[in-house]
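Taking it in order: structure first as structure tokens, then the write-up.
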Amino acid sequence: TGNKTSVIMFVILGFSNRPDMKVIFFILFLCIYIITVLGNLVIILVINMDPALHTPMYFFLRNLSFLEICYTSVTLPRVLVNLLSSDTSISFAGCAAQTYFFLVFGATECCLLAAMAYDRYLAICSPLHYMDIMNKKVCMQLAASSWICGNLVALGHTTFVFSLPFCGSNIINHFFCEIQPVLMLVCGDTYWNELQIILAAAFVILVPFLLILVSYSLIISSILKIRSAIGRYKAFSTCFSHLTVVSLFYGTAVFVYIRPKSSYSPDVHKVLSLFYSVLTPILNPVIYSLRNREVRGAL
């Protein structure tokens with residue numbers, strides 16, 4: 001494995017350090033995957049079938065639910081197979097493809113959450129002009145821009161990382177091909193490569209996050225001007241679900257991607273990755289259905 005051309009496959013270590021827990025892990029992840037897919041699929045179907053939910057907010061929620069299904073499907077099916085098999089190898093191209101699609105859906109979700117924050121800002125701060133500004137064309141443009149941005153980021157990151165020279169061990173100490181664990185296998189000094197990835201990740205994660213913060217600063221300012229306590233509660237309740245999802249997703253993603261390789265800990269990384277790649281998608285339908293009166297009524 002002296003250079004990148006000699007590496008034809010990787011071995012995903014996954015949870016092999018706990019062989020006694022493989023059956024329990026399999027059942028747990030299988031249940032999580034089924035609930036995630038069905039839960040988000042139900043939200044998509046409910047929004048599609050109920051004309052009262054054909055509004056910008058639910059258009060973005062439908063996109064988010066579709067994203068969560070794709071996001072989970074990139075990792076969990078492979079994890080389930082590896083838990084049942086003694087052969088946990090993955091081809092070089094297969095690993096690159098998994099990294100690419102994981103980044104596509106992750107980066108797209110960052111942008112989509114920012115678009116949803118902008119939608120909430122307009123709904124609360126400019127209610128009289130909301131439907132004129134946030135028309136169908138604008139919604140489609142924001143969603144399409146999120147997907148285009150996600151694809152460009154994923155293509156750049158994946159091409160960059162997998163064109164680097166790999167040497168030594170080909171064992172990925174993670175449960176899927178994520179950038180940080182793969183980067184650990186690159187030979188030579190990867191300081192500049194690592195810095196470029198951190199800066200790119202900071203741009204993709206922090207720019208949408210800053211837009212969300214600005215939107216919610218303006219939203220909170222508007223809500224505080226409402227004299228009625230009930231009015232303030234109603235206004236804030238429309239944002240609570242989105243804020244919860246943002247906190248869960250960004251809280252772990254920022255910590256994982258925007259830090260140097262020297263502080264990397266495989267076990268800590270696995271746990272944090274579980275939060276934003278597994279737990280957030282399963283919690284999305286729960287958060288939106290339990291906190292949302294319209295969705296509950298439609299269900």
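Placement of Cβ uses the backbone N, Cα and C atoms for every residue, glycine included.
Annotation comment: TrEMBL describes 39-288 as domain 'G-protein coupled receptors family 1 profile'.
Among the features that TrEMBL reports, transmembrane segment is placed at 23-47 (among others). Here the transmembrane segment (23-47) has long-range neighbours at 15, 53-54, 58-59, 61-62, 65-66, 68-69, 72-73, 76-77, 79-80, 83-84, 278, 281-282, 284-286, 288-289, 295, 298-299, meaning same-chain residues at least 6 beyond its ends whose C-beta is under 8 angstroms from one of its own.
Taken from TrEMBL, the feature transmembrane segment applies to 59-80 (among others). Residues 12, 14, 26, 29-30, 32-33, 36-37, 40-41, 43-44, 47-48, 90, 98, 101-102, 105-106, 108-109, 112-113, 115-116, 119, 139, 142-143, 146, 175-176, 245, 277-278, 280-282, 284-285, 288 of the same chain sit 6 or more residues outside the transmembrane segment (59-80) yet have a Cβ under 8 Å from a Cβ within it.
Taken from TrEMBL, the feature transmembrane segment covers 100-118 (among others).
Here TrEMBL flags 138-156 (among others) as transmembrane segment.
Within its own chain, the transmembrane segment (197-219) is flanked in space by residues 107, 110-111, 113-114, 117-118, 120-121, 124-125, 149, 153, 156-157, 160-161, 179, 183, 235, 239, 243, 246, 250, 253-254, 257-260, which lie at least six positions past its ends and keep a Cβ under 8 Å from the stretch. The transmembrane segment feature in TrEMBL is assigned to 197-219 (among others).
TrEMBL lists 240-259 (among others) with the feature transmembrane segment.
Per TrEMBL, transmembrane segment is recorded for 271-290 (among others).
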